[in-house]
Amino acid sequence: MTKSLFRQSFLFDSLDLDHPMVAQTVRTEQGVTLKLHQRGVLEVIPAQTDAATKNMVISCGVHGDETAPMELLDKWIDDIVSGFQPVAERCLFILAHPQATVRHVRFIEQNLNRLFDDKPHTPSTELAIADNLKVLLKQFFANTDEHSRWHLDLHCAIRGSKHYSFAVSPKARHPVRSRSLMQFIEQAHIEAVMLSNAPSSTFSWYSAEHYAAQALTLELGQVARLGENLLDRLLAFDLAMRDLISRHKPEHLPRKSVMYRVSRTIVRLHDDFDFRFSDDVENFTAFMHGEVFGHDGDKPLMAKNEGEAIVFPNRKVAIGQRAALMVCKVNTRYEDDQLVYD
């Protein structure tokens, strides 16, 4: 069955830019339909659907050098093709930027994950990819119920982290922090969740904002080359994803995630901008209240809350760009099956 759809596998065929990937459809012995739409895009339709069937986008490779999710996704697809992995949900698997992965780079011209807002952007390789991804989402979510839509966008962090895995929950105008989504997070042993406080330009935000999808950006470990990822540290996530796709009840126990709210965004305003810590500082490094950790022009950058922590710091961003997120731990609860915090 694999040979009738892929020469090697979904991942490695997608990365073989010298050979075309022709759109085609096959059906497994289990009745699962596999539709290869284009390079890096595979739709999987279960043999039977019902009112509870999810319509899930599972994407990776938005940044070309974040390869651990690619390896996991390739294994899931291999096992779906062979019949080893049961399928109960309709899935759209996406390898977003094969050209960047082949070059072992994050992106070629622009950061793809900053191109999903409604602002005008300079034409580029990545802008064309973003436009194509928007079309794919529109087609995949067409004629589906909002409650059935999920989008898990899988990444790896550039730097080390106090939390090996963490999720970013986008801020959208729809209720996109469902109890079932958060239960999946705990089942996957994702160590922390960041609750965004403002709209953004990411792929997962776009799904949440425009399609009311239960969407997350998931950071799974640290950037490494293909074949060099520590996948054993993502075993619970792997198992939880397989249970999610098959709609099986998990056999392993969940683990509570640490919850953070984004307290503020640090935007670079001056040429004279720097942090006081080294480039290898870990995500979620916390500061004491009033502790100065950098400057922007004449203004010191300091922690405004005890234990306020920094995530995604980048001293080299252009003026006007986000240089870091600041987060604080928060207690959460559910209202109408949606996660909220006080």
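Just so it is clear, glycine is given a Cβ too, placed from its N, Cα and C backbone atoms.
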Among His147, His151, His155, find me the residue Swiss-Prot lists at the same Zn(2+) site as His63, Glu66. His155
Zn(2+) site, defined by His63, Glu66, His155: further same-chain residues with Cβ within 8 Å of the Cβ centre: Cys60, Gly61, Val62, Gly64, Asp65, Pro69, Arg106, Asn113, Leu154, Cys156, Glu219, Val223
Same-chain residues at least 6 positions away from Glu219 (active site) with a Cβ under 8 Å from its Cβ, in sequence order, are His155, Cys156, Ala157, Ser161, Ser165, Phe166, Ala167, Val168
If we count other C-beta atoms within 10 Å, could you say which of the binding-site residues His63, His155 has the fewest? His63
